[in-house]
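A.B. asks: Dropping a structure here in structure tokens format, bear with me for questions.
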Amino acid sequence: MARYILRRILLALPALFGLVLLTFVLTRVIPADPAATLAGDAATPAQLAEIRARYGLDRPLWEQAVTHMRQVLSGDLGSSIFSGRPVMEEIVFRLPATLELTFVALLLATGLGVPLGLLAALNHNGPIDHLARLISVGGLAIASFWLAIMLQLIFAMDLDVLPLRGRIDVALGAPPTVTGFFLVDSLLAGRLDLLVDTLRHLALPAVTLCLPGLASIARFTRSGVLETLQKDFVLYAQAAGYGRVRLAAIYVLRNAVTVTVAQIGLLFGALISGAVAVEAIFDWPGLGTYAVQAILSADYKALLAVTLVVGVVYAVVNVLVDVAQALIDPRVAEQVK
């Protein structure tokens with residue numbers, strides 16, 4: 001198992017290097033000029049030249065790339081061109097908000113998608129199966145930004161039962177920071193009022209973000225269970241008189257969940273990407289909102305940092321998913337020997 005984990009980590013390193021390099025190149029080929037954006041329309045050529053020299057924008061591209069790689073390896077992500085603040089401070093402040101939203105959405109997608117897919121497969125071509133397939137198609141077809149706006153109109157404006165935007169009520173204030181996750185920090189502080197308010201603020205963005213993932217998880221679970229039901233050992237268990245509930249709990253779900261677990265890593269990446277639009281709509285103070293601000297202000301330092309951090313988080317989650325898959329099915333780890 002240790003060899004398998006090491007192999008997965010080593011395979012992730014070239015992907016991260018390629019991600020950093022590709023993002024660096026893309027930020028240099030876009031037509032936006034960070035110096036012009038920072039200086040404003042009334043800036044003189046001398047002022048623009050001074051800003052470019054200050055941030056190293058006047059150096060050859062290869063030299064900028066080498067400097068950037070050196071800074072990344074040393075843990076220095078530089079300072080924001082727009083605000084002047086260290087980018088790492090912004091990342092540390094905003095990352096917990098994005099991870100909290102993403103993990104809640106992932107929990108909803110998995111917690112609802114797996115039972116839905118299992119029930120659909122066990123009731124193949126029945127009403128539950130048709131409903132599950134309808135949810136899967138609808139969840140993948142509905143645009144997240146449209147769903148977010150509809151949820152805001154219905155639950156925040158018409159019914160006025162959930163907050164429209166933000167992460168917590170400003171009148172209550174944030175809980176004392178321990179982890180940066182408001183749900184956890186509220187519990188640690190013993191503030192149930194903050195916990196409830198955090199859940200209320202999470203409800204709409206988390207539901208918006210989780211729907212495509214729920215659809216995917218339900219679809220893959222259904223397919224995995226249907227495939228497992230056709231295997232010889234399941235047919236033998238049925239002939240031996242095993243009931244459907246016992247059969248599903250002991251044999252079917254464990255074998256089918258391997259396929260589902262493999263999709264969680266991909267789903268996490270999709271949720272992180274989808275969080276950009278969702279955070280912008282709900283004014284959620286996470287990395288997605290920060291990335292949008294960086295794009296609009298041509299702040300390539302901030303954009304590179306967000307891309308790197310998201311890539312690292314995505315790689316770590318995929319390694320954990322691979323390990324979980326190997327624990328569920330040891331044959332996965334045996335393939336590397």
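The backbone N, Cα and C atoms fix where each Cβ goes, glycine too.
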A.B. asks: Quick check on the annotations: TrEMBL lists transmembrane segment for one of 2-22, 23-43, 170-190, 191-211. Which range is it?
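C.D. replies: The listed stretch tagged transmembrane segment in TrEMBL is 170-190.
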A.B. asks: Against which stretches of its own chain does the transmembrane segment (134-155) lie, if we need a Cβ under 8 Å and a gap of at least six residues from its ends?
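C.D. replies: For the transmembrane segment (134-155), the sequence-distant neighbours (Cβ-Cβ under 8 Å, at least 6 residues beyond its ends) are 116, 161-162, 164, 203-205, 207-209, 211-212, 214-216, 218-219, 222, 274, 277-278, 281-282.
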A.B. asks: So if I exclude everything within five residues of the ends of the transmembrane segment (260-282), which remaining residues of that chain have a CB under 8 angstroms from its CBs? That is, six or more out.
C.D. replies: 98, 101-102, 105-106, 109-110, 114, 117, 144-145, 148-149, 152, 164-166, 204-205, 208-210, 212-213, 216-217, 220-221, 224, 288-289, 291-292, 310, 313-314, 317-318, 321-322, 324-325, 328
A.B. asks: Can you name the far-off residues of the same chain, 6+ from the ends of the transmembrane segment (302-321), with a Cβ under 8 Å from a Cβ of it?
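C.D. replies: That would be 5, 8-9, 12, 15-16, 19-20, 23-24, 27, 68, 72, 77-78, 80-82, 87-88, 90-91, 95, 99, 261-262, 264-265, 268-269, 272, 287, 290-291, 293-295.
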